[in-house]
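Quick notes on the structure that follows.
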Amino acid sequence: MEGRGPYRIYDPGGSVPSGEASAAFERLVKENSRLKEKMQGIKMLGELLEESQMEATRLRQKAEELVKDNELLPPPSPSLGSFDPLAELTGKDSNVTASPTAPACPSDKPAPVQKPPSSGTSSEFEVVTPEEQNSPESSSHANAMALGPLPREDGNLMLHLQRLETTLSVCAEEPDHGQLFTHLGRMALEFNRLASKVHKNEQRTSILQTLCEQLRKENEALKAKLDKGLEQRDQAAERLREENLELKKLLMSNGNKEGASGRPGSPKMEGTGKKAVAGQQQASVTAGKVPEVVALGAAEKKVKMLEQQRSELLEVNKQWDQHFRSMKQQYEQKITELRQKLADLQKQVTDLEAEREQKQRDFDRKLLLAKSKIEMEETDKEQLTAEAKELRQKVKYLQDQLSPLTRQREYQEKEIQRLNKALEEALSIQTPPSSPPTAFGSPEGAGALLRKQELVTQNELLKQQVKIFEEDFQRERSDRERMNEEKEELKKQVEKLQAQVTLSNAQLKAFKDEEKAREALRQQKRKAKASGERYHVEPHPEHLCGAYPYAYPPMPAMVPHHGFEDWSQIRYPPPPMAMEHPPPLPNSRLFHLPEYTWRLPCGGVRNPNQSSQVMDPPTARPTEPESPKNDREGPQ
């Protein structure tokens, strides 16, 4: 039915109007094309469902093989416990039935297939039948089996970590070092076991992650195939739609051709053409009545058969639509549950990892505390041992020093006793010449003699002390006098240097002023030569007042002595120097100022020969130097 086109029904006319027959034919063609599209889509869905079921069966077989390999591993010892709750979830849920493997026959019974372990990803599809949906006992039993081992694993891990904490506390509080190392060895064994268990759990986790990644890739491949099938279905539907449009166009063109053959070209001939066609049809009815009845019966049978097929296809399509929607809903629900389970497991794994890291940090901290305590005790022990050794050496050294001192003391005591005896004998033998004869044998005379000798000795001692004090006093006096002399000499040198510095500063300033005056005079000469005019040149103030009568050779700048820096801040008027003056102009007049009395920089004694000079002939400059007395009195 799919490979052949629509049935062509020959209608000679007379029984059914041509318009109704063409409309029914078009309806049948449309229904046929629509049913073809639905059948093709249903076929593609069935093929995709079969492929997905085959992939799911293959994945379940792989998961069962992994579970068997996991069960073949040696069981862990009860003392160690378990640290991987994910490994216990791999072989528990295995009694859930799958969907039927023949999607084209919905009346077949589903066969039970074992379910793979939950990988924690959204790529694991599971077909759930309505019986399983209505049985909450099976789902609750599966969930209980899936999440059952977690408390046991957690309890074993807590027991193992409690044992480690107990061992650490005992190790930290143990005073005996031998028992301490025993506890440390036991803790090392426990850590070795825990490390092996963690390594096994990491291997299992890596296997499960690989399986989850493989399932995810296969799920993506299935999704890609499904999308590709949907695209092919859409393309086929579009192609059938285009064929339907082409058929419609052919039918319309055939109808137009039949209408055009009955009319010559004008709209007025349409009614006459129709009447002629009706007359011809009525004439042909009488001619071929028997074959017309046979053709109509065959056409009716075919129409009934097509209607029956259409109703069956609609029913099948409805059933497949319901089944597809239910399967889609079940898959979505399963994906949601698996995602929720994956989120819960990831959260649980994160909590366990955080708890393990916290306990590991606590254990490391306790271990470091115990280690630091042991090191401190060993350091204290070594320090005490070193101190004891040092004290022993010190005691031995003091004993070695004490023995000669003891011998020396004994020797000195013996010598003192011998000297006392000799002194007593000498005192008993010697008698003073000035003492009366009655006092020789009396004890009062001996005591007076002893006192006299003591006074004489004390007097001699005092004389020697006075002599020493006198020598010290004389030495200090000579040192003081020498220091005063040096001080006076230094002060004189400082005064002389200060005077020289002051004089050199004054001369330097005078030289600067003279240079400025010469420069001004040169400028005036240049101006006079440039203008060519005669004018009266005013005399320079220094020229009128005259120069300072004393001239000294220039001296280098002196650095003041240490302690007399503030003396260099005293400024005195500079001595004016003789300057070269140009010859007076012919019409100029010289004004002679009265004599000016120059004063010395200080208020000392003034030399009458140097009191004043008149600057009439400014050619001569006195060269008599200032007395050393004035130089010395200047800075004072």
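From the backbone N, Cα and C atoms, a Cβ is placed for every residue, glycine too.
Looking up SER77, SER435 in Swiss-Prot shows the phosphoserine annotation sitting on SER77. For the residues THR205, THR406, THR438, Swiss-Prot attaches the annotation phosphothreonine to THR438, which does not rule out the feature elsewhere.
Among TYR548, TYR552, the residue that Swiss-Prot annotates as phosphotyrosine is TYR552. When the ranges 216-222, 230-236, 524-530 are checked against Swiss-Prot, the one recorded as motif 'Nuclear localization signal' is 524-530.
Cross-referencing SER266, SER403 with Swiss-Prot, the residue annotated as phosphoserine turns out to be SER403. Predicted-model confidence for the region 'Required for inhibitory activity of TNF-induced NF-kappa-B activation' (431-588) is 69, expressed as mean pLDDT. In this structure, SER403 (phosphoserine) is part of a helix by DSSP.
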